[in-house]
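S.K.: Let me begin by handing over the structure; questions about it come next.
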Amino acid sequence: MKLLQKKGYKVERPLNKGSYGTVVLAHRLFRTPRCKDLKYAIKCIKKPAYTFLQEVNILRQLSRSRHRNIIHFVESFEDNVYYYVVLEYCPLGDLYECILNNDFPNAKNQPEMIKNIFLQIIDGVAHLHSHGIYHRDLKPENFLLSLSEDGSELVVKISDFGLACRDKISYDFGTGSDRYMAPEQFEEVDGAGYSPRAADIWALGICLLNLIFARNPFTYPHEKDPIFADYMLDAMTLFDVFPTLSQDTYNVLRACLCVSPEKRSLAKTREAVLAVTKWTTDDEELESFVNEEEEFRASDFMPAEDNVRCTQSDREPLRTPSVLTPANTIQRGLLPSKLPALSDVDENISTSSSPRSPASLAPVNNSERSYDSGLGESLNNMHIGKSIATAVPVNTKRSPYSCSAPAIVFPNSIKGNKDHLKFGRSWCDMDEEDEEDIVSFGSNDDFGASDELSSKHIGLADDWNVLSQWNDNS
């Protein structure tokens, strides 16, 4: 770690830690033509790290065509123990924490803010794809946030290229984060590979649902997930999972969450986002409620024979949900903005009260290569076979308004459990004992006896901070 000082960096504090390294905040002791900013985030990756060179090569390639929605690479160097990657520092953290706390900078108009954030992510992904680079681990934790130079605009930057590749067809199954994986990426079928480009587009659809509802629609993209099995049969079951989903939002999802990879389109996704006027029907439901209240009040002055309310005979029946959760569950997301932060729990799919093995749903992997993203261990790196529990049959005769998708478990405290991420820990997951271990790193100028650090102190560098196919004619 003393090499950092020799290179002109003074460590201020740790930002993240994981199983193979740390991310620290450092400032420049002096400026150079390459390092014009004062603060940087430095990934310190313990050797050996087999994907390091590929990640750095991709970052270098992207730095030559700098894009505002891609994290900027500054430089890299190494000593006998660590690789060091110097990247721009994003002081606002990541998108996951903003969703978790329902706290976005400059969020005066939340519907427009969602559109702005998602369009920036699409533009960043389009830039990657235009250069033949495919991320394969797109999720809110890997979208860092900063402000424009004048401080008036929130800027989203795609980060963590530990699983990125240039292969148009990939055979690396089970890489990334299972809740965001495309079905063909999650599990090998008949020895066929998958398109990382199409897998990235699928992940964008899951990210959008997170952004709007703070929820994931599926626990994993496999037919043994009952909600995903229903979705494969009929994409409109999303309206059962998210009752306030607007038609505009559904049109966006039609372009990116197609079960058939060849039908996914980044250009059509962007076009549909631009056409969105509202992401949810919350306003419509509120207006309907107010109108019904007025009707009830007016009925007090009607003759008795007129004071009767009947249902319409041609009214369409309510959909029957596949997975049921408590009827009083509230879908907490960005819309509406003033709902209290509530935790939601998966039922019939996972057990939230007891920790799960991070790889309990891992697909079988024939490769012995290590796939480890900057946010944590991927399924391939666990070397544990696939074990997916068969879903328990459930009673389906309930109103769809009492149903709920498998949820991201958002704890009330930042220190809460994030076992659902399943790929290592964020800095905010550390307990007090972990913090005591790492605080000493930046306690003095030489980064605290760094030459004697053991693997106890250094962990995985989190990213800082079929059946019927989709009917496009529907």
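Cβ coordinates are placed from backbone N, Cα and C, and glycine is handled just like the others.
When I checked Swiss-Prot for this same protein, it listed these features:
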DOMAIN    9-280  domain 'Protein kinase'
BINDING   L15, N16, K17, G18, S19, Y20, G21, T22, V23, K43  ATP binding site
ACT_SITE  D137  active site, proton acceptor
REGION    345-373  region 'Disordered'
COMPBIAS  350-363  compositional bias 'Low complexity'
MOD_RES   S353  phosphoserine
MOD_RES   S354  phosphoserine
MOD_RES   S357  phosphoserine
MOD_RES   S378  phosphoserine
MOD_RES   S404  phosphoserine
MOD_RES   S413  phosphoserine
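For the listed features, I'd like the structural context: burial, neighbours, distances.
M.R.: Regional average pLDDT for the domain 'Protein kinase' (9-280) in the model is 91.
DSSP gives K17 (ATP binding site) a strand state. Around the Cβ of K17 (ATP binding site), a 10 Å sphere holds 28 further Cβ atoms from the protein chains shown.
All protein chains considered, the CB of D137 (active site, proton acceptor) has 28 other CB atoms within 10 Å.
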S.K.: Based on DSSP, name the secondary structure state of V23 (ATP binding site): helix, strand or coil.
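M.R.: SS state of V23 (ATP binding site) = strand.
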S.K.: Over all shown protein chains, what is the count of other CB atoms within 10 A of the CB belonging to G21 (ATP binding site)?
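M.R.: Excluding its own Cβ, G21 (ATP binding site) sees 26 Cβ atoms within 10 Å.
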S.K.: Can you tell me the CA-to-CA distance separating D137 (active site, proton acceptor) and K17 (ATP binding site), as a whole number of Å?
M.R.: 18
